[in-house]
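According to TrEMBL, the protein carries these features:
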BINDING   30, 31, 32, 33, 34, 35, 36, 37  ATP binding site
DOMAIN    22-382  domain 'AAA+ ATPase'
Ligand SMILES: Nc1ncnc2c1ncn2[C@@H]1O[C@H](COP(=O)(O)OP(=O)(O)O)[C@@H](O)[C@H]1O
Ligand SMILES: [Mg+2]
């Protein structure tokens, strides 16, 4: 698929951006801090309903503005869909598809599919498990939008269950001996049931995804870093480790295992005042040779691993039938010659690629001849603060 037109209003440093895009390679060039990443962040937000840089919406809205708009027309095998999102930092966001308001912005998931590779991806390897869970859940949501709703429901249940464990510590400790304790435990039972039901769906989807991804990551890494040791990924759960040994495991088995584990850990959960069982405690383990990548991988290996995970994601989405839009945010300057070449091969073959770079020199020579469109990002200082501009000469400063 490709994006035919992109419009932003009051998104980050952009009061207004209107740009027509084409299939092939489009590049946005501009100095650091001028607003290039803001553009691809907006596209990524439309695709995933979250930013790769911040977890809250407020920083996305331009300073002094009340809300942000992101609109894009996507062309998928000849069929056009217009996606439109209104981001309100202090209220629910609103989505539209082809000018019709949708019940939840989540209905936009899957309309635009992107794979974004950015410097922040080093955190996939070095960062906390939450980064890697997000990687998995984003891919799942793009391929199976319904699962985003399941995950959101899970997060809500988890939040309420944690609140109960925190606020009802005393009655929960007293147990069934008191009316208050019995009531709190009954509420906890209800949350347990919901956590297990929703959590098992989340986990089953992740298990299945990791099974598909593992050979893709292994092969991508081998291609990028043939001199390095083999890369492997596997899903690590806090519940019965044996579970991961069953390929084709179903949500029912996982749900039962979660319930057993919740019962076994109940006392500890009450003592600690938090939920210790469920997909929010899981991780995607990354290995190089026999060692965990985190803490052992060199800087170059870390880049290769992160890139392999993005290439695997790209190939997986492509195998579903349509090319996702490949976005490369300021990454060429970070990669050595060998890795650049590998990335160029993929970029030249993808339906649409959007690249940002500070200077043209950062781009590999064999990419230059494949570029279909080139835009410059500049800034202007106004009474309303510094704003980003596309394809305009900056005003000469007095
Ligand atoms: N909410 C916002 N309102 C106005 N400007 C913002 C906002 N968020 C970020 N910016 C500005 O955007 C700029 C960074 O843009 P970015 O796209 O990351 O730059 P780069 O071109 O280096 O990728 C910074 O100058 C920052 O001040
Ligand atoms: Mg940037």
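For all residues, glycine too, the Cβ spot is worked out from N, Cα and C.
Projection of TrEMBL feature records onto the structure.
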residue	record	Cβ within 10 Å
30	ATP binding site	22
31	ATP binding site	14
32	ATP binding site	9
33	ATP binding site	12
34	ATP binding site	21
35	ATP binding site	25
36	ATP binding site	26
37	ATP binding site	24
| said: Measuring Cβ to any atom of ligand 2 with a strict under-6 Å cutoff, which of the binding-site residues 30, 31, 33, 35 qualify? | reply: none
| message | Suppose the ATP site is 30, 31, 32, 33, 34, 35, 36, 37. Which further residues of the same chain have a Cβ inside 8 angstroms of that site's Cβ centroid? | response | 356, 358, 377, 379, 388
| Considering only the binding-site residues 31, 33, 34, which possess a Cβ situated under 6 angstroms from at least one atom of ligand 1? | 33, 34
| note | Once DSSP output is merged into helix, strand and coil, residue 33 (ATP binding site) belongs to coil
